[in-house]
Every structure is written in C-alpha cells, then in structure tokens.
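Features as listed in TrEMBL:
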DOMAIN    221-351  domain 'GGDEF'
TRANSMEM  20-42  transmembrane segment
TRANSMEM  48-68  transmembrane segment
TRANSMEM  88-111  transmembrane segment
TRANSMEM  123-142  transmembrane segment
TRANSMEM  154-173  transmembrane segment
Amino acid sequence: MSKVIIDQSYKRKIHRSFLLRMFIMRQLGTSLCFLSISSVLVEMNYPSWVLFLLGVNALLWPSIAYFCSSNHPYPIKTEYRLLSLDGLAAGVWVAVMGLSPFPSLIILAILLADRYAAGGLRLLKNVVITLTLGFFVTWIILGFPINFKFQPHTVLMTLPLATIYLLALSVVLRQIFVTLEQKTKELEQLALTDTRLQIANRRHFESCIEEIFNQDNKKRHTAYLLIIDIDHFKRVNDNYGHEIGDALLMTISTIIRKTVNTHDIPARFGGDELAIIAFRNNVMDIKYLAEEILKQIHLVKLEGHDSFYLSASIGIAPVGDVATSSEWFRKADQALYHVKRSGRNGIFISQ
C-alpha cells in the first residue's frame, strides 16, 4: 500500500500564515473594540479596574492567544478553540455595557461574520454558544443592567470598528481568494500534465487532438501528429534499471520541449511513447523537426557507459483530409510501425 507523505515544512508554513493572519485581525478587532466599549464604560461610571481588564483583553489577549496556538502540537485546532473563546469575551462586554445598542450590534455583527468566514457554520455555532453563555452569566451577576442611550461620542468611537475592521477583513478575504485561485490553476495544470516529464499527459493530449478537428480548415491542415518511440527501451530498463530509464525519459522530454515551437503540444502518450502535435506549413519543416529531435536523442550519453547509444523511431501523419482523431492516430501509428519494420532509428511520414 502506498503512503501519502506530507511535506511538514510546507504544513508548518501554512499554519504560521493562518495563525499570523488570525493574530493581526484579532489584535485589530480588540483594539478597535476597546475604543467603543471604553467610551460606554466611562459613561456608565465603571471603576478603573474594569477599564484595566478591558485593556488587558484588548492589548494582551491577542498575543497570549497567538503564543498558545503557535506553540501547541495542534495549532489549528487550538486556534479554533480560541476563536470560540473570543465569543465568550464579547458576550461579557456586551452585558457590561448593558446592551448599549450601537456598539453591541456592531461588535456582534462583526464577530459573527468574521467567525463564519474563518470556520463556517461549525465555528459560528460554537461562538454563538460561548457568546450567549458569557452574556447571560455576566448580565445576571451585574443585576440585568440596561443602557439604551445613544451618545454621540460612543457612536464616533464605534465608527472605526465599523469601517476599518470591515475594510481589513475584505482585504484578507481578497488575499485568500487570490491564493485559492492560484492554487486552483496549479491543480488544473497538474491534472493536464505529466509531472515527471513536464509535458502534457494523455488526457490533455487527446483533448487537444479533438480541438484540432473543431478548428477552421486553414489551421487544421498545418497540423502533424508525431509518435516517438524510444528504441529497445525495455532493454535499457532491464540493463540499467528503471531509475536510469526514467532519467532518460526526462532528458528526452527536455530535448523535445526545447526543440518544438511554443504552439506545438508535446505529450507523454504512454510508457516510453511520446507524441507531439506540431503545426508546420510544409512537409520539409516537419521533417526537419523530427530529424533535429532524433539527432539530439543520439547525443544522449550515459555516464560510465561509453558504448551506450540511444535511438528512436518517429512516425508522422499530417492531418490532411482525415475525418476522425482515431484515424489520425492510426496513420501515425502505421508510420511508426513502418520505421520499426525497417530497422528502427528513423523517420517515416505517412501520405
């Protein structure tokens, strides 16, 4: 059974990036909340030690949370627990403010939106539970305080939270979206590429061939299909090992990639069989391409084996008046068979 090996350094990098992002957003959020909540606490004549606790929550808690999560064996799980714990603190301060309408609504709306963005419904549910618990326990202990006054200075002190934090959140979400978009493109590319040889895989190659038959006649009639078979490659694997065989295939792939034009499509068609869709204006140009590939393959050497010699057989079929992709393949395969039957190490162009 094959095992999936996870790159631990990459995993740690992803974790650090997530934790740092959470720290920055938590620090920004608690600092802006401090402005809003402190204005209400001063208005309600709370003692200075309550303001001190608010300051600890605002200025020290983000660093404490970051330290705890980044030093835990399971940093992401720990961070999600701490994100839930933030809801407890929010509930406590909403109760302390006596449900002061403007700051309470802004704080709750931003907290819930932020946590949903960070962890979906599961995290949102946990935050709602801790928030409700923190609110009712504190509210009961304080004797159900109510403060429904709209003070202008409280509104002004809450506006930074309502604007700056939301702008910062939108920047973070945009960065995440761009990263996901890049990763999606990379995965799409991987799905279409032979990762060892860095050329198209069979699936992508066959779809490209189908596209040829959907193009206008002018471009279609410049297309040629080349099938390249490494001569006696099984013998190479048997004599030198599969590791050497793979290295030789990668070398040949590099030769092909450097020799073809940018709009040509080289691919691994299966095993040691490679193929190219090449666009050329005439037979002489396509013959020159095949000869150049063959010449470069002949130059491949194997260190410590002076007698080593590598050759290939190349069958070529112009698309011409071919009606289907399978017929085009058949013509190129017949051309390849003609080369093999004639002693290999050569080129044949089907008419």
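Glycine residues also receive a Cβ, built from the backbone N, Cα and C atoms like all the rest.
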When you scan the chain for residues with a C-beta under 8 Å from the transmembrane segment (154-173), skipping those not six or more beyond its ends, what do you find? 21, 25, 28-29, 32-33, 35-36, 38-40, 43, 100, 102-103, 106-107, 110, 113-114, 117
Please work out the helix, strand and coil residue numbers for the domain 'GGDEF' (221-351) from the DSSP assignment. 59 helix, 34 strand, 38 coil
Within the same chain, where does the transmembrane segment (123-142) have neighbours whose Cβ lies under 8 angstroms from its own Cβ atoms, ignoring anything closer than 6 residues to its ends? I mean 6 or more beyond. 80, 83-92, 94-96, 108, 111-112, 115-116
Roughly where does the domain 'GGDEF' (221-351) sit in mean pLDDT, to the nearest integer? 90
